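To keep things clear, I will list the structure first and then write my remarks on it.
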Amino acid sequence: MSKHPHAYIASIISAREPRSHSRTHPVPGGMPASAAGVTLTSGGNSVVPRRYILSEQDEAHVNNSKFEAAADFQGPVKKRTCTDPCFLILLLGAWAVMSWIGREAMLNGHVEVLTNGYDWNGTVCQGSTPFFMPLNIKTMGVCLEECPEIYDPAVVFCIGEVAPTEDNIQKGYCIPQYPTKEIMNRCYITNSTALEAFSMAKSYRDDLDVSVLTEFYGDVINARTFIFGIGFGAALILGFLWTWLLRTPGLIYVAVWTVNMLVWACLGALGAFMYLWANDWKNDVPRTHSDREVWVAKGLGIFFLVMCALWLCTLVFLRKRINLAVGLVREAARAVIDMPLIVLYPFLQAAGLVLFLVPWSFYSVNIASMGHFEPRLFQGTGVNPFAEAGPEVIVQRFQYGASGSDFAWYMLFVLLWTAQFIIAVGQITLALAVSTWYFTRDKGTIGSGTLCKAVGITGLYHLGTAAFGSLVIAVVEAIRSIIAYIQKILKRSENKVAQYLLCCCQCGFWCLEKILKFVNKNAYIQTAVNGTSFCTSGKMAFFLIARNIMRIGAVSLVSEFVIIIGKVFVSVTAGAISFYTMTFFLEDRIHSPIGPTILVVILAWFTADMFCQIFSMAVSALLQAFIADEEMFGPGERYASTALAVYIDENGGSSDGGNRKQNGNAHRTHYDDDDGTTGKIKSVKDKAEEAEIFAKVAC
């Protein structure tokens, strides 16, 4: 027995008490409960209870560093500084180097080689012979004054001094005059029989069926107003309609749960059918399927049945968080409706990308034309590789220099970086606008002007952060491009091990790219709200995700369902409108409405994709704003709408980690279970009684 039994008992009680995972809330007066001298009386004995105090290690743990609201908190910070300016300077330097490379390419390149073509002797087709006609894909072609329009077997085009004989025609040295179609200063043969007889490349046969292309081109020209009007204009209106429908009470709830149950039913049905088919195959007399086929079918059936069970368990486990996600989707729809100009922001991004692509394309064409002609020896065999080779002919081939290849890789990297930079700027801007909308109590004061202010703030303070985050993604994408280039080279070899390793590397970097894009998007939201640098924002976003992994998973699942349904709704509806409209108004001007309708569906899909990307960013920003609101404020003080506030009150807990929290009452300690629901409450008086019992037992 210890000389100091009370100290011994206190140590026992301390060991039995659960450790808190949140910071100790002060009691009235500003002092922690452990230092406030709270005394309770039980059975005539005065007991000073031990309070829940975090150890220094737990206190410093980053997972417990939740959001704390300033006294004058009014949403995203107002006083900001430039974040990550060095990376913005680095991006500007990359553009300057690109311009210098483009200037060198303009001085040393030969653009006319690419635009006009050149004949077998290295002569560029221009002046009196501006048209190029290929004779054989392995050799070159000839320059002509005009593209032939009729068949004339008496006129034969050959390379070098080769005689225009039938044998040389078969071996690819010559070609008779066939009717051609001029496309971009090049003469393409329209006679499919001639293409097959003289061993032209299969791509010509597949891609240059001019009769079909001509009809399609004519239909597109005649229906161009309908194509762009419905593909862009009507798709935008349909996107707004879909967003408005998302605000309808119960609609998104029914849609999401219907899709979830359909996925569950499809997995179960597919698994059951595969398993039953495998049993039927096994019992067939006579056997029509091998044992391996039966085994594979049965394995797939079991796999889909297991996936069906896991999907159902996931739905049951995440049901409350899915309901939260549905609420956030509705809030995102409200935000988009309140700021209608937000849907036009992708077009502003597209305009910025086009503005960059104009000089980039010009520089790239000049870089591609940097090189020189080298003589090559050509011997034709025609369609029969085992036939006797024809005469040797020296032809000129255009070879690219080493510097041109290096410049091309650099131009690709700058393109990837700039494209990701434009996307990042848009994400920061949208996150700032949406978070401002959330943290405004009077939503009637929010309009498209909020988006304009967000554009200005992002342009003044956070372009460096966008450059930093986009650089990380661009590096990964550049590595993937290099791996893809090496894979293309190794396809000709028989080194299967190298091909397999490169395929694994490609998959790994693809996964890394997706993870980085996800983290970057959440980091940009932190930058928009808190005005912090990329690294700080990334760290905050990472641990916020870790604290709320289940919620974020559920929100991602629901938002993806909504986005897919929205894309299908917009594109299919636009396609139906296009088909019936063009059938009614353009019946006598087009051959078929199918081709233009396909273009409308494609344009509407991309328009819906831009719209849905905004929606996805709005949902992600609202989720982080909601979590911050929940962690910083108590009931009655939150910015959340009524539906979201009810969710917080009904489900308790501010994160998925099961953090225990203390309310402001010095006499009661409040717990949260792992699923975020309210757990039991244990009074300090009960603890005092336990201490007294332990004291008697110890004595």
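Placed from the backbone N, Cα and C atoms, the Cβ positions cover glycine too.
According to TrEMBL, the protein carries these features:
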type     : residues : note
TRANSMEM : 226-245  : transmembrane segment
TRANSMEM : 252-275  : transmembrane segment
TRANSMEM : 295-318  : transmembrane segment
TRANSMEM : 339-363  : transmembrane segment
TRANSMEM : 407-439  : transmembrane segment
TRANSMEM : 460-486  : transmembrane segment
TRANSMEM : 528-549  : transmembrane segment
TRANSMEM : 561-586  : transmembrane segment
TRANSMEM : 598-623  : transmembrane segment
REGION   : 654-681  : region 'Disordered'
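When Cβ distances are compared across the two stretches, the transmembrane segment (252-275) makes contact with the transmembrane segment (561-586), since 3 or more pairs at least 6 residues apart fall below 8 angstroms. Using a Cβ-Cβ cut-off under 8 Å and counting only residues 6 or more beyond its ends in the same chain, the transmembrane segment (561-586) has close neighbours at 222-223, 226-227, 230-231, 234-235, 238-239, 242, 246, 252, 255-256, 259-260, 329, 593-594, 596-598, 600-601, 603-605, 607-609, 611-612, 615-616. Sequence-distant contacts of the transmembrane segment (226-245), counting only residues of its own chain at least 6 positions beyond either end whose CB sits under 8 Å from a CB of the stretch, comprise 220, 251, 333, 336-337, 340, 343, 566, 569-571, 573-574, 577-578, 581-582, 585-586, 596, 599-600, 602-604, 607-608, 611-612, 615. Within its own chain, the transmembrane segment (598-623) is flanked in space by residues 220, 226-228, 230-232, 234-236, 238-239, 243, 328-329, 331-333, 335-336, 342-343, 345-347, 350, 426-427, 430-431, 434-435, 438, 521-522, 525, 528, 551-552, 555, 559, 562-563, 566-567, 570-572, 574-575, 578, which lie at least six positions past its ends and keep a Cβ under 8 Å from the stretch.
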